[in-house]
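Engineer: Per TrEMBL, transmembrane segment is recorded for 25-48, 60-78, 98-120, 140-164, 211-230, 242-261, 273-290. Summarising the annotation, TrEMBL assigns domain 'G-protein coupled receptors family 1 profile' to 41-288.
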Amino acid sequence: MALRNHSTLTEFILVGLSDDPHIEALLFVLFLGIYLLTLMGNLMMLLVIRVDSHLHKPMYFFLSNLSFLDLCLSSITVPKLVEDLLSEKKTISVEGCLTQVFFVFLTAGNEACLLSVMAYDRYAAICHPLLYGQVMSNQLCVKLVLASWGLASLNSVVIVLLAINLDFCEAQTVHHYTCELPSLFPLSCSDISININILSFSTVLLGLGNFLPIFFSYVCIISNILSISYKTGRRKSFSTCSSHLIAVILFFGSGMLRYLTPPSGSFLDLLSSLQYSVITPMLNPLIYSLKNKEVKIAVKRRLGKYLQYFRW
């Protein structure tokens, strides 16, 4: 019977990051600052890409979608984390916990697919510049983003439907700061072998299934860059791609470490979750704005217009 776990358990207790009030106060300031930076950085990217016609290109269309996903991913976990740092009892309802699991899978899975799409976009731009406009048409860009949403949504629904049918018994303490499926498995008195197998398959599908196209795209890109005889061309091409590579390493490295290794409740579990769901969404707009000349010019152009307006 679906939702039968609700009859024996109504809420989970989250262990959080610390039980020391002084450390929790410092962490509250830290993560509140990180969340505000994440909001401002990604909203700035969305606004600049939207209003600046020079950025109405496939690369920035994908980047605006990445900023939107980072806003969502951070907002799923960080507000609850910040709230719990000020609370004596860190609880979340079973329904709220499973909802959090669903949206984490939806946004993180979507971001994995989008990073793969962005790698293909860079491959087409650098390796086939003369055909780039034809290959990366507006229609194809929209279809690729919709496909990412479709695949991530299907994966999230399957994972959560299986989680709903788990029986959670007397143990209700989640050794984590948020609801992630690997941390819920030890609390279940049901047979979780099918769930673990499907979670592993899902992680390999969305993780390695997206990382491999990224890897081969960049093998071709690097080979093409090395064939450029003049240093200026090499420097410009490496600058264009380095930001994407940094984002890929941060996101896939921490995400796959979290979901392909058995949960232990260790500091490494917490660190890998913080990396892909809290730190990466904050760093992405910084990486793309600091490493991208066109974005920096667009930001300066917008700021200049606003400052000129306020002078009047």
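Cβ coordinates come from backbone N, Cα and C, glycine included.
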Engineer: Do the transmembrane segment (273-290) and the transmembrane segment (211-230) share at least 3 Cβ pairs under 8 Å, sequence separation 6 or more?
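Structural biologist: Checked: the transmembrane segment (273-290) vs the transmembrane segment (211-230), no contact.
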Engineer: Under 8 Å between C-beta atoms and at least six residues away from its ends: which parts of the chain pack against the transmembrane segment (60-78)?
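Structural biologist: Distant Cβ neighbours of the transmembrane segment (60-78) are 31, 34-35, 38-39, 42-43, 45-46, 49-50, 100, 103-104, 107-108, 110-111, 114-115, 117-118, 121, 141, 145, 177-178, 247, 277-278, 280-282, 284-285, 288, 294-295.
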Engineer: Hey, which of 25-48, 98-120, 140-164 has the most Cβ-Cβ pairs under 8 Å against the transmembrane segment (211-230)?
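Structural biologist: Between the stretches 25-48, 98-120, 140-164, 98-120 has the largest tally.
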Engineer: When the pLDDT values for the domain 'G-protein coupled receptors family 1 profile' (41-288) are averaged, what is the result?
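Structural biologist: The answer is 86, the mean pLDDT of the model over that range.
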